[in-house]
Amino acid sequence: MAAIDYSIAINSTPHHITNRNPSFYSSLFTSALQNQLKFRKTHLTNPLILPLKCSKVENFETHQKILPRIMSDPHSIDQDLLQKLVYDALVWSSLHGLVVGDKNVERSGVVPGVGMVHAPVALLPTAFPESHWKQACELAPIFNELVDRVSLDGKFLQESLSRTKEVDAFTSRLLDIHSKMLEMNKKEDIRLGLHRSDYMLDEQTKLLLQIELNTISSSFAGLSCVVSELHRSLINTYKQNLGLDIKRVPTNTAVTQFAETLAKAWTEYNNPRAAVLFVVQHEERNMYDQHWFSLLKNNTHKISTVRKTLAEIDAQGELKPDGTLVIDGEAIAVVYFRAGYTPTDYPTESEWRARLLMEQSAAVKCPSISYHLVGTKKIQQELAKPGVLERFLKNKDDVAKLRKCFAGLWSLEESNIVKDAIERPELYVMKPQREGGGNNIYGDDVREALLRLQRERTNEDAAYILMQRIFPVVAPTILMRNGSCHKDSAVSELGIYGAYLRNKENVIMNDHAGYLMRTKVSSSNEGGVAAGFAVLDSIYLT
């Protein structure tokens, strides 16, 4: 789902983070890497086999004058070296599972191993200030706690989204399920959250500002880890040519920590015969990102995984008298949603029945319906109002840290803000209650949308919020997609994963859990990788 830290010094890296970082990628593919090295030595002399289509653009000045030349201007890389880097990156990606389904192959999103192509990636990591990296990591546990606290206030969720419910059918159906749970007095003793908070670094103010908080289907925890390993591998192999320090690319532990958190939730459920259910879309070309979880849970924790669509859950699912959720005869301990966050995931009533069935069950939900609602844009805007955070968090320092990262957020009921957005639409983003990328409104379209709403005088304005537009640093980069590389100017968005698990009053886990860096050409407004707007990236701490 989208929309689109660790210390630089090894000695100062938290001990519990390094312990969670087994080199499972290396151990799984040692022999494959040896073959890669032989293959590279044999074939690099033939430039005809390199699938390069690199276009040139103007030089750029970096915001970090102390950066090595390669980081400040990767476009200056010698063409021969560039071809070697690209070729090795493509081979490495293929050998290490840095792949997605190819949309040009009909069954690529249904049958594993059919129609695979390397994931869209940046060739080298993107520079990012270490101080802001640390700030983002420190925020993750606070946001985790905030989500949990807000989820327990059913009245706040219902009232905050009441106007949105009138005009947004999708949000209305989610609220209906939430209302049923409130009427049943349904308690979620075991509460599990795998979140991702997305940020951009504003160039003018140098502030790290939050784009959104994702509480459902926080994707790319699997592939983002592989991207950081790709970049570390290239830097290590070409250290003499690139002059970069591998220690400045943080090791990404997102998939191991997510798998560990799911395993702990499974343990808390206390049924060793139960499985973890992955709720997936019918055609899921990002399935390999998800299969990293399954691999780790099976190999490390010996927990089986069941993958089902919402329609299959409706057809095969049942609820036992004791609340046990059973899918196709198998008991389910944990439900992990990688679908269900967008209206297109519910084409019929069958899918809605499945969502209600799972919510009524005793299985641990990731997320529960209340956690899901906390991640809506409207709730994000409500939490930014003066005094609202204090309703949920007692620690004043935590409140101050969150407020520091909040961008401007307003409802369309604030007439002075709407007036300014009509006059200066380039300074605002208009956001609906949607996830997955490609849904936001920018530029002159903001003015036109606001004027239309004023003319029509309906309640449709409740379906949107206005957000301050963030203008991040524009830097040169090299993007790789479909076997080709492209030089362009780009902006980046940092997502910090958070893992949270509690059983009643016992907080079992609350931590930051790796990261996702997404980079897109600066001319693109949207930033989703799965939606085709961005590429996966990693960071180079400065």
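Placement of Cβ uses the backbone N, Cα and C atoms for every residue, glycine included.
Noted in TrEMBL for the protein shown:
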type	residues	note
BINDING	R196, 216-219, 284-286, Q290, 338-341, R518, 529-530	substrate binding site
BINDING	E212, N214, E435	Mg(2+) binding site
BINDING	E212, K377, 431-440, Y442, 467-470, E493, K520, E526	ATP binding site
DOMAIN	275-374	domain 'Glutathione synthase substrate-binding'
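Looking only at Cα atoms, S219 (substrate binding site) sits nearest to K520 among the binding-site residues Y442, R469, K520. Calculated from their C-alpha atoms, the gap between Y341 (substrate binding site) and N214 (Mg(2+) binding site) amounts to 10 Å.
Applying an 8 A CB threshold to same-chain residues 6+ apart, the list for Q290 (substrate binding site) reads G222, F278, V280, E284, R307, R338. Closest in space to E212 (Mg(2+) binding site), of the binding-site residues given as R196, R285, Y442, R469, K520, is R196, taking the CA atom of each residue. Rounded to a whole value, the Cα-Cα separation of R196 (substrate binding site) and N214 (Mg(2+) binding site) is 5 Å. Of all Cβ atoms in the protein chains displayed, 22 besides its own lie within 10 Å of the Cβ of R469 (ATP binding site). Counting other CB atoms no more than 10 Å from each candidate's CB, the binding-site residues Y341, Y442 peak at Y341.
Cα to Cα, P432 (ATP binding site) and N214 (Mg(2+) binding site) are separated by 14 Å. Take the CB of P432 (ATP binding site) and look out to 10 A: across all protein chains shown you find 17 other CB atoms. The binding-site residues listed here are N214, S217, S219; among them, S217 has the most other Cβ atoms within 10 Å of its own Cβ.
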